[in-house]
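**Student:** Feature table excerpt (TrEMBL):
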TRANSMEM  28-50  transmembrane segment
TRANSMEM  111-129  transmembrane segment
TRANSMEM  141-161  transmembrane segment
TRANSMEM  167-185  transmembrane segment
TRANSMEM  197-217  transmembrane segment
TRANSMEM  267-292  transmembrane segment
TRANSMEM  398-419  transmembrane segment
TRANSMEM  611-635  transmembrane segment
TRANSMEM  647-669  transmembrane segment
Amino acid sequence: MTIALGKFTKDENDLFDIMDDWLRRDRFVFVGWSGLLLFPCAYFALGGWFTGTTFVTSWYTHGLASSYLEGCNFLTAAVSTPANSLAHSLLLLWGPEAQGDFTRWCQLGGLWTFVALHGAFGLIGFMLRQFELARSVQLRPYNAIAFSGPIAVFVSVFLIYPLGQSGWFFAPSFGVAAIFRFILFFQGFHNWTLNPFHMMGVAGVLGAALLCAIHGATVENTLFEDGDGANTFRAFNPTQAEETYSMVTANRFWSQIFGVAFSNKRWLHFFMLFVPVTGLWMSALGVVGLALNLRAYDFVSQEIRAAEDPEFETFYTKNILLNEGIRAWMAAQDQPHENLIFPEEVLPRWIVSVDDLEDIIGGHVWLGSICILGGIWHILTKPFAWARRALVWSGEAYLSYSLAALSVFGFIACCFVWFNNTAYPSEFYGPTGPEASQAQAFTFLVRDQRLGANVGSAQGPTGLGKYLMRSPTGEVIFGGETMRFWDLRAPWLEPLRGPNGLDLSRLKKDIQPWQERRSAEYMTHAPLGSLNSVGGVATEINAVNYVSPRSWLATSHFVLGFFLFVGHLWHAGRARAAAAGFEKGIDRDFEPGSNGIVFLLVSWRIKSMTLVFQLAVFALIATSSILLISVPVVFASPDGWSSNKNVVFSGTSLWIGLVFLVGILNSLIS
């Protein structure tokens, strides 16, 4: 028998060939076979997220309510996790929980499982699409391999971790504030910052950022050097016909900074891929381990040895690093001279603990006077020689200095907003976290005392006082979990204090109705994205039904402060590069936004997409500004803060956002 080997050719295309030709066709947006998975899943995931900002669960009041009036948006928690009681249910719309009722499905948290699962498969489809595209243009699939890192992190955090715990409830909700809340939760319960896998992840991401920044600093401007000579595929246009950077320059740059250099470009690009992807995979591996509560590899926090040998216990071996860090490092009991006791008036504390207007106003006068004298000094003198040599003297350098100062102001204001109820009174901004926690203890003390409980002698399940106990310095404080906030000072609580802390006789005889109302109001409006809390820790972690103005103000200052810090780094780098004479990157003559719409229209073919991109970016900036500047206005009512009118947007601040938008458009046209 003879077997003939040869290439088989079809006489006509079948359905598979037609589909393959259509899916892999040379078009501006490549689809591919992987697009059959990517585009539907991405559409449903993003659609579910957008739906979460339009309708949100408020099951005990409105059924489905407009989220922007209920304080729910992308900055808080657009899509909240299901309740802990629902465990790992997929929450299908037609399942036994929702039974085909869309309203009930949203209330139960079905949107979260919908977004999380479709999002995971959408990310996988995106990576497969990069593999397919790399094969089409005959490139190594490094881009697809790199994208496996974000997939590993997403799956480990949103799926594997809650699967290892008791339910989807322990996964992050979809929203900025919800992600921050998950990070704090992860630190508090797993000591994540001292986990070696977390350290490897941080090293990978920051190391990759450094490599990419140095690489970008050596690449010349190729943004508009477009040509067809290097095009291998119309959907893939590298715009770079020839090499535009010098490894000699790059090696000298690196060797002078680090003392090491790469021998060739392939090693450089390999490490630019290897470092961040490995870091993300290590972080994902650490999250998977913590999902199963595996702590054997946490070799930094050696609690067992520290407990057995008190002499071994150091700052780094404690498992309460956050509490240690927040506590004032200059407190008398933390100093080596423990026998030296300071009187309360001169006890050194953090400035954020200032609790009287005299110090606040006096501090502003003091620092303002120093600034005025400093301004006079710098008007009359010129910089010293070392300053002239060390600093860059240009308009962009001054801009970077100013951005750094504003960034510091934002971070400082964030801390003051969150912790201080004197500079930012609770009557205007809602209670602080400790204040809401203490208010809860006070509210239940009042309730049980009216029911006949002896609050002075009742013992809790731990053997400590149920309602009242002693602080580390001997004062009478509230019992229970709120003992961690025992040094809180608040106007509604101070009348009940005596020389040794809370006065038992005053608690029994002198509690006023306004104090009861105030504490009940503060207890149910903690700045933690929760209607309920235990010891100041949120139990209903969704930031949906109420968002405190204090949360808004602190978060917006932190976010804007961080943006300003990034702007400082950007302009500082460009100023130093220009001063050194090796500025690379986008040419200032062609930089988007520098010359406005008129210049872009001159050469429409090349810059039409730039114009569209520019307008889209500025529209996003304007929209974000409106949302960030629009601080919620809280309307107080005699019975506390009503749930149906607690957060609305100020018309004045919306006008400020519109004025900001007009200014941006004016700068574009000018």
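Using N, Cα and C of the backbone, Cβ positions are placed for all residues, glycine too.
Help me picture these features in the structure, burial and contacts included.
**Tutor:** Sequence-distant contacts of the transmembrane segment (28-50) (same chain, at least 6 residues past either end, Cβ-Cβ under 8 Å): 20, 22, 78-79, 111, 114-115, 118-119, 121-122, 124-126, 128-129, 131-133, 136, 174, 234-235.
Residues of the same chain lying 6 or more positions beyond the ends of the transmembrane segment (111-129) and with a Cβ under 8 Å from any Cβ of it are 30, 32, 34-39, 41-42, 44-45, 48-49, 51-52, 79-82, 89-91, 105, 144, 147-148, 150-151, 154-155, 158-159, 168, 171, 173-174.
Note on the transmembrane segment (267-292): residues 142, 145-146, 148-150, 152-153, 155-157, 160-165, 186, 190, 192, 195-198, 200-205, 207-208, 211-212, 215, 247, 250 of its chain, located 6 or more positions outside it, place their CB under 8 angstroms from a CB of the stretch.
Taking Cβ pairs closer than 8 Å, the transmembrane segment (398-419) reaches residues 352-353, 429, 432-433, 527, 550, 553-555, 557-558, 560-562, 564-565, 567-572, 575 in its own chain, all 6 or more past its ends.
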